[in-house]
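Heads up, the thing below is written out as structure tokens.
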Amino acid sequence: MIWPLILISYASLFVFGISDNIRGPLFPEILKDFNVSDSMGSLMFALSSISGFFASHLTRHLLRRYDRKSILQVGCLGLTFALLGMALAPSFQIFLALSVIFGMCSGILGLIPNVLVPLGASTEKKQQLLSGLHAMYGIASLLAPMLVAAVGFFTKNWRITFALTSMTPLILYFYSLHKSHHPHHEKPKLTAEEHKANRQKNFRPQIFLAFMVSFAVAAEVMMSSRLALYMRRVWNYDLEMSSLYVTYFFVALLLGRLLFTGVKFNRSIPFQLSACLLITAMCISLGLFVHPLFLTVAGMSIAPFYPLAIAMISSEFPHDLDTAVSYMMATDSMMLAIMHVTVGKLSDEYGIHHAMYSEAFFLTVSFVLVNTYHFFFKRNAQNH
């Protein structure tokens, strides 16, 4: 076990989580302040996701030349600038430009920990430590709407929330300078020929798994980013009450990841991934047609999916993990951009309630990919 790698990864994903999840609860206030439509407002999510896509591709190339800590430090400083700039943005156009920087830098903070934890963890504890890593995201996601609600109660100003949040990546930057991290971050040693060989062998299965993850992530982020708006529009809740429902969602998300941190289930990872998706689909259906509390319960069922998928990817590609995770983060960003634009358009045309039906599409595609990976790739490997 290499604990400095684990600790900086946990801190990094906490910063990523709180930065990423203040935007959902504040979305209605940002729309109101800048006087823009749902589809126009959705660009703040879509552009950050698109820039995250390019950041993941860029990071894949940077990881061949620079150590992971240096790349993480650049991400911290850039994210500090973006959040503070968004707090001060005088127009929505400038806010969108800063959202691009936000997406690039937060993408780095989301990518690097998913590489460092498998490298720093023992084989026996890898799956649990990955669940713990994403429990940190869950804790941050839980605190984010609470921060929004608290700042909204005292100041009624969404900009102050962005300004306060900008301090978290700056603190992470200073923590990364501690001497305990120096011995564990070396420049990569693979040659260009080895990278080329890995790409020829691993590209198709890596992309397949990346899309498997990205469809599930799109469903999860749709819930977290649109839940506040759903409660405001459909149930006529105010900012504090709608933020409370987002808090319930992230409490459930955190509990799900903490459960998988403390307990290692004996069933196969594909079985567990399939169960996550099926239960989530049932919860969302009940949430849309029975009571919205079921939407918050969906947080618990989708929670283990991401860390389980990372564990699966790290087992499949132990010597090409940087590339595999980079592809995964890139497709996540692309899929999130598609999701945000689509949901924004559907919300404008048919209302947020009907737009939420698209959850079923993302969950279904991910389920199909989970259950066909062995057929397309493992079976061929066994035959050869």
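Note: Cβ is positioned from N, Cα and C throughout, glycine not excepted.
Annotations in TrEMBL come from automatic prediction, not curation.
Taken from TrEMBL as is:
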- 5-384: domain 'Major facilitator superfamily (MFS) profile' (DOMAIN)
- 40-58: transmembrane segment (TRANSMEM)
- 70-88: transmembrane segment (TRANSMEM)
- 94-117: transmembrane segment (TRANSMEM)
- 129-154: transmembrane segment (TRANSMEM)
- 160-177: transmembrane segment (TRANSMEM)
- 207-230: transmembrane segment (TRANSMEM)
- 242-260: transmembrane segment (TRANSMEM)
- 269-288: transmembrane segment (TRANSMEM)
- 355-376: transmembrane segment (TRANSMEM)
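Per-residue confidence over the domain 'Major facilitator superfamily (MFS) profile' (5-384) averages 88 (mean pLDDT, predicted model). Long-range contacts of the transmembrane segment (207-230) within the same chain, counting only residues at least 6 positions beyond its ends with a Cβ under 8 Å from a Cβ of the stretch, are 21, 23-25, 27-28, 38, 45, 141, 145, 242-243, 245-246, 249-250, 253, 276-277, 280, 284, 292, 295-296, 298-299, 302, 305-306, 309, 312-313, 316, 324, 327-328, 330-332, 334-336, 338-340, 343, 347, 352-353, 355-356, 358-359, 362-363, 365-366, 369-370, 373, 376-377. Long-range contacts of the transmembrane segment (40-58) within its own chain (CB-CB distance under 8 A, at least 6 residues past either end) are made by residues 23, 27, 30-31, 34, 92, 95-96, 99-108, 110-111, 225, 326-327, 329-337, 340-341, 343-345, 347.
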